[in-house]
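Positions annotated as transmembrane segment by TrEMBL: 60-86, 92-111, 132-151, 184-205, 212-234, 295-316, 346-366, 411-435, 456-480, 500-521.
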Amino acid sequence: MKIKSPFGQGRWGNFKHAFTSKQAFIEYAEAPKPDGEKSNRWTNIDLAQSPPHDRIWGKYVYLAFWIAHAAGVGNWTAGSAIISLGLYPLDAWLALAASHIMITIMIVLNGRGPARYHIGFPIMARSVYGMWGSYFAVGMRAVVCIIWNGVNSYYGGRLVSVALRCIWPQWGRLPNGLPASADITSQQLAGFFIFMFFFLILSFFHSRDLKYLYYFKSIFCAITMHAVLIWWMINNKGVSFTSLAGSKPLDKQSHIWLVLQAFNAGVGTASSLSVNQGDMARYATKPNDQLWTTLIGYPIASALPCLYGILVASAAKELTGTAIWNMWDTLDYMLDAHADNAGHRFFVFLCAISMALAYLAINIASNCLPFGSDLSALFPRWMTIRRGQVLCTILGVCIVPWKLVNSAKAFISFVSGYGYFLAPIAGCLAVDYFYQKKGNLVLKDLWRGEPDGRYYYWRGWNMRAVAVTVLSLLPCLPSFAATLDPNRLGMSLEAQRLFYISFTLTYFLSATMYALSYVVFPEKNLHVKERTLKWEQYANELDADEANAAANFEAEAGKLPDEFETKYEMPVEARVVELPGR
């Protein structure tokens, strides 16, 4: 499968033709239409069900993606950052490992529906929140994607700055023309914009077609992490048991809350994927391809970077007196240790570039792809996933991300905090698909905005889902606000600590409230039939119809060419079939 270039033949000609008249420009600017149909408020080519030739993510692609994601700097930084706050290293690692097991289950739950029906998150959200209510969920996620995109890009820029110092030592002596209040130096800002330049180029490619990037990243990032760990273990001659006992004694209550904070931070590093998984699972070749590789691969792969970050932070504490909590400062110290050795500088350069590449790949799939999908749902006439990816890259600069994460405490607060806004959405999606609808979706109604549509609910809103989302956010909202300015709000320490369990509490609270809402206030007219169907009966019937359509095409057209899976686009009537009685 070749990567589809955004600069293919004929596109330059179409671009020039767009300026020949006003109508030509409008036609060029409009999003491509699905299967020759006219785009409308509810659909375009990226909102339609993924055709068979786009279902190119097999189990090894998902395995590579999760290894690559786990091998990113986020898990490393979460482990080392929590150590710098005073938690015992072993307790920190166990809390983070347990959190990754829990978030993996959440990710898999919300990947099942999209993998089964080959639809993205915005379309799944319509089945839960309603045709218009889905904009509420989609808008919330889009904002979180922008913030995460900016923060990850800032981290990538810091690594680029380290790499440039390996090539040109004078880069580290670049005069700083920015005030201290900027929270960033001229050197760091230059590295950030260099990273954003390459990231902008990558954003023109559809994330679906970048599977080989994930293969490459999963290998090189894993090698880099082991190399950095080995360097510190050799130079510090291991890590002593004294270091592993913790940097300072903690009373029992403080210790428990710090463990919970570590658990919440671990969940936070992948919290956005609890709803973003659908935008990747829709491209699964088989529904179970995203299941077992995620369920087994991610918890194991993520446990190692957390452990390595903890070990390196502990070694740094012994060697330097400070627990270095982030990868760029870690590499900076390694570079300074042997700055005159060209071979050593090259080694650090490879480490920095490899980790910067990790942020490129994580951003494009975990933030830009979901944001592009969200914008495609909000503005289907004009926006596509690829256009949304480009816009997300630009907006990531506008949020000045270095203001959010300039210390270990700020980093933990960030990863623990912003993901909590997605927790109720993830909870409602999981309960609705597995409990309320029993895995049965009426696809044709997911693109119908008429009042008689199955998912129109009340004036296009499923108010119970909206109410549950808002109510489940309220308990932890004051403590989240306190992380932004604790002194001004005047909250007690006990009240602020509720934030340490924000994502977990909000997720289970929303899931419970949403399930109980259907028990206490059952719907009388909608979704009655789904409760009497077998598990994923509609999906099974849809698969059978697709197989029959493919067989009929083969019988009529003769032997299919070898390129069938990558070139032939299944007719829309074979992809979204209105089954009898629905």
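Including glycine, each Cβ sits where the backbone N, Cα and C put it.
Using a Cβ-Cβ cut-off under 8 Å and counting only residues 6 or more beyond its ends in the same chain, the transmembrane segment (456-480) has close neighbours at 128-133, 136-137, 417, 420-421, 423-425, 427-428, 432, 448-450, 489, 491, 495-499, 501-502, 505-506, 509-510, 513-514, 517-518, 521, 526. Counting Cβ pairs under 8 Å that are 6 or more residues apart, the transmembrane segment (212-234) and the transmembrane segment (184-205) reach fewer than 3 and are not in contact. Recorded stretches compared: 60-86, 92-111, 132-151, 346-366, 500-521; the one with the most Cβ pairs under 8 Å to the transmembrane segment (184-205) is 346-366. Here the transmembrane segment (295-316) does not touch the transmembrane segment (500-521). Their Cβ atoms form fewer than 3 pairs under 8 Å, with each pair 6 or more residues apart.
For the transmembrane segment (132-151), same-chain residues at least 6 beyond its ends with a Cβ under 8 Å from one of its own Cβ atoms are 121-122, 125-126, 272, 275-276, 363, 366-368, 370-371, 374-375, 377-378, 392-393, 395-401, 404-405, 414, 418-419, 421-422, 425, 449, 457, 459-463, 465-466, 469. If you count C-beta pairs under 8 angstroms between the transmembrane segment (92-111) and each of 60-86, 346-366, 500-521, the highest count goes to 60-86.
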